[in-house]
Amino acid sequence: MEGITPRGKIVIAVTVAFAIVAALVITALRQGPVLGSADFTFDPVFKIPVPPQSTPYMSLNNIIATAFMTLAGLVGVGLGIHELRKTRSFLPLMLALSGAMICIPEVFYDVIGAVYFPWSESNHAFTILGREMPWWIVAGWFGYGAFMIFIYKLLESNPRTKTIWWMWAGAAASSVIFEEILLNMGVYHYYGNQPLIILTQLPWWWIPCNSVGVFLAAAIAYRYRERLRGWRSVSMLVITPLSVTAVYGFIAMPSWIAVNGNYPWLPTQLLGMVTIALGVAVFAFILESVLGRPPFRPNYIPSQDSPEDAVETRR
């Protein structure tokens, strides 16, 4: 952290300490899951929480959420088409379209992370692992395409590294607001022993999983933008869902353990905090290894060489 001033280090340390204490106080005052309730009943054979299939399906709210996220995704596609006309590169368009592909591994995150999507026969998109998924989740990830285009264009502008950190912080804050709204609309529901429920329903350990995952996909697209031209840009339809899955694999294990067990309050919250800490570490790793940026030099601006050359030069 040689690029951060002593005062900056103190501010960061105090902020982190305050956040940890605040999270512990809030979760200590909040009633945890009640064993035997619909949200915290264990399967007698597999000893893991059972999805609350009695959760009501909110038809109108699903339509609203699906329409909104589809519109967001179409904005991303529109930006991708604009970039295609401007640069003759299909990569931004493929990046925008690739968001929808995350709906496939999403099922695996949901099963082990204890998320349930109420569904109906008229709003059934697909089934994997016995989980019926509504069209809303397809639209939800499609909408992330616009965010990935934003990240890609931000990286193209060659900003200071601190700008990228602030972008991630803003994305995390926006995610909290947006997901709390969706959760209170009843379009999906968390169950099990979820760590770090700070406001109403969102377990905050999920925040870095999604935001760092799509950042990794956009960072890979940016670094290899010269190679991912023409038909090669189609590979983003695979790279993006695998990037998100990789980040879940890197950071989510501690929280998965907490979610699927009947642990006391303190170990549960600490496991959630480990996931967030790992999320920060992986974000820094992406800055260093994929983008060739020293993560803790806030005013660093890389040279205008190709991303591959910049990384190799730093090494």
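Cβ coordinates come from backbone N, Cα and C, glycine included.
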Residues flagged as transmembrane segment in TrEMBL, choosing from 9-33, 234-258: 234-258
Beyond the flanks of the transmembrane segment (203-222) by at least 6 residues, Cβ under 8 Å: 23, 91, 95, 98-99, 102, 109, 113, 144, 147-148, 151-152, 155-156, 168, 171-172, 175-176, 179, 190, 194-197, 228, 236, 239-240, 243-248, 251-252, 255, 272-273, 275-276, 278-280, 282-283, 286, 290-291, 307
Recorded stretch that, among 60-81, 93-117, 133-152, has the most CB pairs under 8 Å to the transmembrane segment (234-258): 93-117
Contacting positions for the transmembrane segment (60-81) when only residues 6+ beyond its ends and CB under 8 Å are counted: 92-97, 99-100, 123, 134-136, 139-140, 142-149, 153, 182, 185-187
